[in-house]
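Peer 1: Here it is, the structure in full.
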Amino acid sequence: MAAYGQISSGMTVDPQVLSSSRNIGVSLSPLRRTLIGAGVRSTSISLRQCSLSVRSIKISEDSRKPKAYAENGAFDVGVLDSSSYRLADSRTSSNDSRRKTKIVCTIGPSSSSREMIWKLAEAGMNVARLNMSHGDHASHQITIDLVKEYNSLFVDKAIAIMLDTKGPEVRSGDVPQPIFLEEGQEFNFTIKRGVSLKDTVSVNYDDFVNDVEVGDILLVDGGMMSLAVKSKTSDLVKCVVIDGGELQSRRHLNVRGKSATLPSITDKDWEDIKFGVDNQVDFYAVSFVKDAKVVHELKNYLKTCSADISVIVKIESADSIKNLPSIISACDGAMVARGDLGAELPIEEVPLLQEEIIRRCRSIHKPVIVATNMLESMINHPTPTRAEVSDIAIAVREGADAIMLSGETAHGKFPLKAVNVMHTVALRTEASLPVRTSASRTTAYKGHMGQMFAFHASIMANTLSSPLIVFTRTGSMAVLLSHYRPSATIFAFTNQRRIMQRLALYQGVMPIYMEFSDDAEDTYARSLKLLQDENMLKEGQHVTLVQSGSQPIWREESTHLIQVRKIKIGG
């Protein structure tokens, strides 16, 4: 195949390629990048200004300046500009009714049966979370085995497994019966083990007395109760109740504005992490990460184990906010754990911090989860509060990859209804979002060929209202496409089961397992047939095919391709 000229507004074209019009393909490189308008016909896309007829334009990274390669097809090229968003258009007009924001469900007594895991998966669960603060390895092993059994039955459905470490939590001890704390009452915490009296309970942290000071505010169970420290001895912290409530066993304790001087990864956490390595979980959610050193320590350990597990940091302490940039850079993704975050910091800061964490993660292509109290009332009630519905919508609008259910599915009375509510609210909110891309030109393509192609593929898919199909061995192009938030689904075909599992967390990505063929056309045809058989594509619909990277499906050298095809049933 010969090169016909550099990509520019004055690109030259071999006249022999003008005769065929089977497929549409274009390399969206520096052609002023203004997408003004498109009139879609069965064999071509009409854009303004200069005309180019090709089946596909492939960019080779072998030379410094991109070269255009053309074969078979028709395409009219106009001025292409990434700033031409259809801001006035909402996604309601799209034929794609699949939810793009992912749902993380915590598995517990209410949801650990085979039947319930199946039902949660069918209702919309994308990630099964194992909370290592509760249960033992035997119970979590059952959950892992059930999720893997479910995954083995499908090539187009993937439930990822997330192991959430307990972390260095300070908790109250066990109490035989709940203790009701009343405002103004004196109440004590002791570092002596096994104490459970009407006015004193033990804590699990020997340095608790040293960490707190007179005047500190203690928050119990994420702020459900609060106490002021009045005095302390060598083994006792004496408090007065400010906000009362029912104190149950093993409630979490925070000191407002302070983090406990505990290691971020405890001995128990290391045991749980090894358990995750043995079971090949997909994600670790690491609790109370204070700095990037913790992330590097865990990643180094995983490297020695040859374990391909992504590290999600939980941002939930005052220290994590101080070190946020370095922590986000070091991790593979983040969770906005609003419960403890709102306990250690003023609650009015939490919405702003949520927005900031989402923005930082999205700017460097890392997934972000919004968690805690999303549908808290549905633990005991069949319908959510209106504020909870708005909370879900805000997380979706801010661009979170996933939203999480904790007690709602772990021990709540209505786990399936909670998932259904989250699914419905997220889907409706997504339909109202403007059709656009969110990146600036400088981040779109400067110095990164893959980002450039993902950026322009998203623009093309938005303009044509077409789904994207990406073929990936590493998941990287699917992640880049997710970053630019195209309005339609990203069907990510991969021949790696681990990559399929990992992509389950990313916004807008539907991972599908499929063996790749040496024949690119065979791989294309099988992918389209699979989607047609599952009624995910319709007759006459256009799809945007994307391939980019060092391991393309049709040849060994690094190649990039964007191609548009029209679906013909049986053709």
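Residue positions begin at 1 at the first shown residue.
Note that Cβ sites are derived from N, Cα and C of the backbone, with glycine treated the same way.
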Peer 1: Swiss-Prot has Asn131, Met132, Ser133, His134 down as binding ATP; which of Arg98, Arg171, Arg193, Arg256 does it also list for that site?
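Peer 2: Record check against Swiss-Prot: ATP site with Asn131, Met132, Ser133, His134, extra candidate from Arg98, Arg171, Arg193, Arg256 is Arg171.
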Peer 1: Would you count the other CB atoms within 10 A of the CB of Met132 (ATP binding site), including those on all shown protein chains?
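Peer 2: Summing over all protein chains shown, Met132 (ATP binding site) has 24 other Cβ atoms within 10 Å.
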Peer 1: State the Cα to Cα distance, in Å, between Met132 (ATP binding site) and Asp164 (K(+) binding site), rounded to an integer.
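Peer 2: Distance between the two Cα atoms comes out at 6 Å.
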Peer 1: Write out, in the order they occur in the sequence, the residues of the chain not among Asn131, Ser133, Asp164, Thr165 that have a C-beta within 8 Å of the mean position of the C-beta atoms of the recorded K(+) site.
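Peer 2: Checked against the 8 Å cutoff, the neighbours are Arg129, Leu130, Met132, His134, Leu163, Lys166, Gly167, Asp272, Ala285, Ser287.
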Peer 1: Using DSSP and collapsing to three states, where does Asp164 (K(+) binding site) fall: helix, strand or coil?
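Peer 2: The residue in question, Asp164 (K(+) binding site), is strand (DSSP, three-state).
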Peer 1: Would you work out the biggest C-alpha to C-alpha distance among Arg129, Lys314, Gly339, Asp340, Thr372, the residues that bind substrate according to the record, and give it in angstrom as a whole number?
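Peer 2: Result: 18 Å between the two most distant Cα atoms.
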Peer 1: In sequence order, which same-chain residues at least six apart have a C-beta under 8 angstroms from Asp164 (K(+) binding site)?
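Peer 2: Set apart from Asp164 (K(+) binding site) by at least 6 residues yet with Cβ under 8 Å, we have Thr106, Arg129, Leu130, Asn131, Met132, Ser133, Tyr284, Ala285, Ser287, Lys314.
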Peer 1: For Gly339 (substrate binding site), identify the closest of the binding-site residues His134, Thr165, Arg171, Glu316, judging by Cα separation.
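Peer 2: Of all the candidates listed, Glu316 is nearest in space.
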